[in-house]
Structures are given as C-alpha cells and as structure tokens.
Amino acid sequence: MSKQSTIDRFFKVSSLFNQSPSQEKRVESKPIKEQSHKTKKVKKMGGLDLFFTIKPKNGESALLRNERLRKQLLEEKKKLKEEEKARRKAIKEKQKLLKKKIEEEENEAERKELERQEKEFKIRKDGKGVEVCPGVFIGTQLTAMNLNWLQEMEVEGIVNCTKNITCYYNSQLNENFKPEDYQGITNKEYLRIPIDDDGIIPIDSYFDQTYSFVEKIRNQGKSVLFHCKYGKSRSASLLTFYLLKKYQITINAAKELFKKACWTIEINNHFYVTLKEYESLLLNNGQQKRRTRKVDDITPELSKKIEEIVSEVVSSQKIRTASQKLQIFIIIFIPPLRLCFIYKYTNINQIII
C-alpha cells in the first residue's frame with residue numbers, strides 16, 4: 001500500500017469518529033412529507049346526477065313523486081353496484097393478463113381487442129348503450145335508468161327483456177314517474193318480454209311481437225333500446241333475431257355487428273339453438289330443410305352487408321350529433337340575437353319588460 005493511500009484512509013476514519021450524533025441523525029433521517037388531507041367531494045343525489053339532471057316542475061305532488069322516483073333508482077343502483085364490483089374485478093384481471101400477453105407477443109389484433117374491451121367497460125360504467133344498427137340500441141339496466149342518455153339518443157321505445165326490472169319512465173307502469181313533472185319529457189313506450197335465461201319460456205314465441213314493435217317505433221323516426229340486466233343474453237338474443245330478419249344475415253354476421261359496436265354478448269344455449277333453427281329457415285326460404293351449406297364463415301357478401309350497416313350507423317350518429325349542436329345553438333344564440341333585433345328596430349320605450 002502506498003503512503004498517500006494510507007494517509008487518505010487515516011483522514012477518512014478520523015472524520016467518521018469526529019462526527020457528532022446529531023449530524024448522524026441528520027444524515028440518516030429523511031424529511032417526512034406531511035400528507036395533505038384532501039377533502040372528499042360528496043356526491044349529490046347518490047350518484048344519480050349523471051342520469052337525472054332534468055328538474056321537475058314546481059308543485060308538492062310533483063316533488064314528492066320525484067323524491068320517490070329518486071329513492072327507487074337509488075335502491076336499484078345500490079343492488080347493481082355490489083354485483084358490478086365483482087364483475088369489474090374479474091374484467092380487470094382478464095385485462096391485466098391480456099396486457100401481459102400483448103407485451104410479450106406484440107399482437108396487433110389482441111391490442112385492438114383490449115382497446116375494444118376498455119371502451120365497452122367505460123360505456124357500461126357510464127350507464128350508456130351502443131347502436132348496433134341504425135336507431136336500434138342495446139344496453140343494461142343502468143342504461144334503462146339513464147334518462148339523459150335516452151333523451152339524447154331519442155329513444156322512445158324500450159324492449160324490457162326481464163320479468164322484474166321496472167319500466168321506469170312510463171306513468172302507467174311506474175307510479176313514481178309522471179311525465180308532466182318534467183320539461184319536454186313524454187311517456188316511453190315499453191314492450192316487456194318476461195323471460196329468464198333458463199330457457200323454460202320459448203323465446204321464439206316473442207319474435208313477431210318484438211319485430212313489429214321495433215318497426216313501429218323506427219317508422220316514427222325514433223330509436224329503440226333493447227335491455228335486460230347486463231345486456232348479454234336475453235336482450236342480445238332478441239336483437240340478434242331482429243338483425244337476422246331485418247337484414248337477412250347470419251348469426252355470426254350479427255355477432256360481428258355487436259363486436260364492431262363494442263358490445264360483448266353471451267347468448268345461452270337455449271336461445272342459441274332457437275336462433276340457429278330460425279337461421280336455417282331463413283337460409284332455406286322458410287322451408288324446414290336440412291342445412292345444405294355452411295353458414296359459420298362470413299362470406300364476402302355478408303361482409304359487404306356488415307360494412308353497409310356500420311356505415312349507416314355512423315351516418316345516423318353524425319345526423320344526431322348535428323341535430324344536437326343545432327339545438328344548442330338555438331338555445332344559446334337565438335335569444336340574444338332576438339333581443340339585438342328588437343333593440344335595433346324598436347323604440348326602447350315601447351319594449352314591455
């Protein structure tokens with residue numbers, strides 16, 4: 001060891017011995033940041049303000065009915081919240097696994113599927129539905145509760161594919177709702193299809209009734225919502241039948257339309273068998289024959305039909321958006337312009353306030 005290195009080591013050791021205990025503590029201890037106590041914002045109306053911002057008219061009876069309706073919606077939402085929590089946890093776990101797989105394989109198709117699932121998750125969480133074909137939507141129980149979204153999408157007909165979920169916005173079916181309590185709100189027209197996923201009640205007994213109801217609402221220029229509890233089996237089955245009959249497509253083509261709309265369906269076996277039988281009749285021109293050709297693959301002809309339906313959906317969404325913007329323009333700008341016109345061409349003393 002050299003002389004210089006020995007001297008350096010001596011001074012280093014002596015500096016450690018000469019260090020005071022307070023200095024050691026200062027070196028070892030790190031400043032602890034005080035945690036800022038953020039005030040939590042209390043959600044008004046139990047989180048229903050997203051769905052229910054339309055104010056009722058003045059009047060004791062209207063306010064009482066409004067309060068009962070809010071309590072009813074809160075109770076329904078509370079029940080759904082617990083069930084949705086477990087479902088969301090399972091979905092998030094699946095998404096984590098899918099993300100990991102994407103990072104390993106860099107698969108573009110799986111990345112798109114993940115984006116679609118995330119978009120669907122947000123749609124379901126916000127209590128909204130998706131447009132599968134022009135003017136025809138599918139959603140969940142939360143969607144059926146979302147009055148703001150129903151008004152925005154011009155939904156006037158609702159196919160309730162359950163036995164027990166309330167038909168919320170019809171005064172004859174729900175005593176807590178009165179359309180006269182709200183500005184610009186009318187009774188929604190409901191068609192209840194009282195079926196369960198057990199398949200005891202044959203779903204095909206409601207096919208013609210459902211098709212007639214949807215066509216009647218669509219001919220009025222209004223939209224229709226199909227819903228059950230989660231929008232995966234019962235409502236998806238009836239909407240699939242409507243797509244098959246309306247557009248003369250196959251079940252797989254209908255599934256592709258749901259996928260493009262960012263909506264996952266899980267039709268149970270009972271309903272699927274019934275739909276397959278109807279599909280077979282459709283392909284054989286209404287005659288009960290053995291299926292002679294394979295329908296599992298999407299042919300170029302079906303692909304063209306799917307693209308046409310999707311483009312029609314996009315066009316209807318653009319028209320609806322333009323209409324909403326025009327309404328906003330009228331509400332915001334027309335009254336001031338009218339006042340300017342009156343001020344310019346009328347004597348101010350003649351204006352009666």
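These residue numbers are counts, starting from 1, taken along the chain as shown.
The backbone N, Cα and C atoms fix where each Cβ goes, and this holds for glycine too.
Predicted automatically and left uncurated, TrEMBL annotations should be read as such.
Listed features, source TrEMBL:
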type     : residues : note
COILED   : 63-124   : coiled coil
COMPBIAS : 23-37    : compositional bias 'Basic and acidic residues'
DOMAIN   : 127-284  : domain 'Tyrosine-protein phosphatase'
DOMAIN   : 204-260  : domain 'Tyrosine specific protein phosphatases'
REGION   : 19-40    : region 'Disordered'
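Over the domain 'Tyrosine-protein phosphatase' (127-284), the average per-residue pLDDT in this prediction is 95. Helix, strand and coil content of the domain 'Tyrosine specific protein phosphatases' (204-260), in residues and according to DSSP, is 40 helix, 5 strand, 12 coil.
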